[in-house]
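Annotation comment: TrEMBL describes 147-174 as coiled coil. According to TrEMBL, the compositional bias 'Basic and acidic residues' annotation covers 370-382, 426-436. The feature region 'Disordered' is assigned by TrEMBL to 370-389, 410-451.
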Amino acid sequence: MAQKEILSQQEIIMKLRTDLGEAHTRMSDLRGELSEKQKTELERQVALVRQQNSELSILKAKVVQTTGLVEKKDRELKVLREALRASQEKPRPYLSTEQKPRNLSQKCDISLQIEPAHPDSFSSFQEEQFFSDLGAKCKGSRHEEVIQRQKKALSELRTRIKELEKANSSNHKDHVNESFLELKTLRMEKNVQKILLDAKPDLTTFSRVEIRPPLNGPFSSGSPFAMEKSMKTDAAEALELSEKLYTDMIKTLGSLMNIKDMSSHMSLKHLSPKERERVNHLRQKDLDLVFDKITQLKTRLQRKEELVRGYEWELEQLRHSKVSVQMYQTQVAKLEDDIHKEAEEKALLKEALDRTEQQLSQEKRLNRAFKQQKDRVEDQEQRNSSCSCPFKENEKQRRIFVEMVKRKMQDSSLQAGAKKATLKTGQERETKKEACKPTQSLSFIKPGGKN
């Protein structure tokens, strides 16, 4: 599971890198107007960055959890080592070396002292019965040969027991050596039994054999040695369990973090003190490697978080620039509407000017026609001087009225044309000023949205 999580984290990190690279290129390319497709893409990138931030926080929490687990296992190992050291430093009870003196002259020619190693398998009554039966069977001329064989077997048994005791005192692995000693003593006793069964000495010569089973031996139940042995077995089992957990944890960490130099996979159970020190040194090196790897991952995560923060800041700047671009777009649309309106007004003013010019030309023609008619009328009046006076006065009043009406019409048309022209020029000037202001502000704005 942890390996799958690490692989998924690496895939997420690679996706983050690609997505952040794409976002950076898109932000560098965004200098003009944003289309709808680009807006949706930008929103998608923002959501993806938020999701990546949450995934990064989850990964960081998992890394912290793994480091805490490693520290916990280290503390457990230290406690177990201290307990093992304390148990090894305790004075272990050795086998009782005080034995009763053997007096061959007092007892018989052959005096045997057999100390069974395990009271459960050989009780004192069974041993006495067994040796009494053997004494009854020992008859004949092979008495001396049987005595030599017995002496040889007993001497071999004693020498091997002494060697085992020396080896047991030199090594600190008490439970293994004790079991080995028990097996060896049982094997020697079986060899002695075979030798005794092969021979058939006289009962009278073997009746003086003295059997001394240990009443308070080192293996008797309820002794402090048995309690210490049980404590040592418990400590050994705990050490074995902790060693197994440690090796499993080191293997999983090495496989997950791609550490190929892990070399402390062996157990400390059956090793000498020098080899234990060497393995302890190797384990310390492995722990240093794991710590270095975790610190590297932590620094990488911190760098990626800083990159994500930088990209978030750039996205915020992009949003602000997007808002400013939208404002400028609305201003440009307003200016375009104003320009269209001004063009329409110009066209209307041109039409009005054309109409006024046509009217002026028509009035000029009418004035010319009136002048011509007036000249003709004056000529006729001069010719027709015989006409009545009241008719002449009426005619003069009519002409004066017509001229006044024409003058008023001309003055009103000229005033309307002048007003339209002045309004047109004023509006053109105002629109030009308004169009110049946003273009100047747009020219000073940078593509990132900064002034």
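Just so you know, glycine gets a Cβ as well, placed from its N, Cα and C.
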Can you name the far-off residues of the same chain, 6+ from the ends of the compositional bias 'Basic and acidic residues' (370-382), with a Cβ under 8 Å from a Cβ of it?
392, 395, 399, 402-403, 406
Averaged over the coiled coil (147-174), what pLDDT does the prediction give?
65
DSSP-wise, what's the residue breakdown of the compositional bias 'Basic and acidic residues' (370-382) into helix, strand and coil?
13 helix, 0 strand, 0 coil
